[in-house]
Amino acid sequence: MKNKSIWNLKNTKKLFYKPFFDLMFKAQKIHRKNFSSNKIQISTLLSIKTGLCPEDCKYCSQSSRYKTGLVSEKLIKIEKVINAAKKAKKSGVTRFCMGAAWKNPKDKDIPLLEEMIKSVKKLGLETCMTLGMLNDYQANRLHNAGLDYYNHNLDTSKEFYKKIITTRKYEDRISTIQNVRNAGIKVCSGGILGLGESDKDRIKLLIQLANLPKPPESVPINMLVRIKGTPMEKNKDVDAFDFIRIIALARIMMPKSRIRLSAGRENMNEQTQALCFMAGVNSIFYGCKLLTTTNSSSKRDALLFKKLNMKMEKIKNKEKYFNKKQNSDLYENKNYYNAVC
């Protein structure tokens, strides 16, 4: 059967406001039941088309509406993608993500995107793309080319969303996720903390994700990177313990999903990252850049993994979590484990 909509504001708030260590213990217990506690999946993200986006997302350096000093770049050639993917594979990356600053791709761009997917797949890497909104036709084309994952974040709660973005409706994002899922592509969808939202908004974001007909296989949790020139350049920092609580909550609510520590990680100290791993993070972006923002250095990450005795997952191990049979019934099989409170 499909995952039931068991999460509501009452039971989720009760869980969120548990004593910190009780919440962490519960998240770690669920994490260990579903994943190896000392292994982490590594992804990297390449911007294949940079800047001049018509959207007005108030946090984004790529919006054409804000003067951020970003140098725009047209859709790059496939040779650049292949070279970047080869370097990523050598560094231990198992998933190669490609992002384009579009509201939505045009049909004329699809053939080149298909070639990018096929070329990266030939290297033995998983593929992910984030291109904006997709219609059914485009989603099916990308699926047929072999795309494994599609990223389309909800960003925040439905109620707070209109204060962040006006050029795309919340329902448009849900529709794209449905199109991706219907096409047979696995879903990557999460949000951003630090937009000025409340605890209630953060909780509602996770409720929305967890109560989808099938929760995302991958859930990136971002901490706002304040970009000069955007309306959010002076937003307040997110408290580290508040951030970790959301990680733990995401792990409990979506026990079979990859929880990815994404943007903002370069500003976190080792102790905060370690607590995020303990709370349920089992995936990170690896490399010096996330689209247009800086990321934690590979050397720094390697040192942290060594201190924590954590190992990067190898490509040969990916079938354990990502074979098609398992993904097709991720939340429906008898081993599915969840705990509301």
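Placement of Cβ uses the backbone N, Cα and C atoms for every residue, glycine included.
So that you can see what the record holds, here are the features copied from Swiss-Prot:
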| type | residues | note |
| --- | --- | --- |
| BINDING | C53, C57, C60 | [4Fe-4S] cluster binding site |
| BINDING | C97, C128, C188, R260 | [2Fe-2S] cluster binding site |
| DOMAIN | 38-262 | domain 'Radical SAM core' |
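A C-beta separation below 8 Å, combined with a sequence spacing of at least six in one chain, links R260 ([2Fe-2S] cluster binding site) to S43, C188, G190, S218, V219, P220, I221, V281, S283, I284, F285. Taking the mean position of the Cβ atoms of C97, C128, C188, R260 as the [2Fe-2S] cluster site, the remaining residues of that chain whose Cβ falls within 8 Å of it are S43, L45, R95, T130, Y149, N151, S218, P220. In the three-state DSSP assignment, the secondary structure recorded for C188 ([2Fe-2S] cluster binding site) is strand.
C57 ([4Fe-4S] cluster binding site) sits 21 Å from C97 ([2Fe-2S] cluster binding site), counting Cα to Cα.
Remark: C60 ([4Fe-4S] cluster binding site) has C53, Y66, I227, T230 as non-local neighbours, by Cβ distance under 8 Å and separation of at least 6 in sequence. Other than C53, C57, C60, the residues of this chain whose Cβ falls within 8 Å of the Cβ centroid of the [4Fe-4S] cluster site are, in sequence order, E55, D56, Y59, S61, Q62, S63, A101. With all protein chains in the displayed structure included, the most crowded Cβ environment within 10 Å among the binding-site residues C57, C128, C188 is that of C188.
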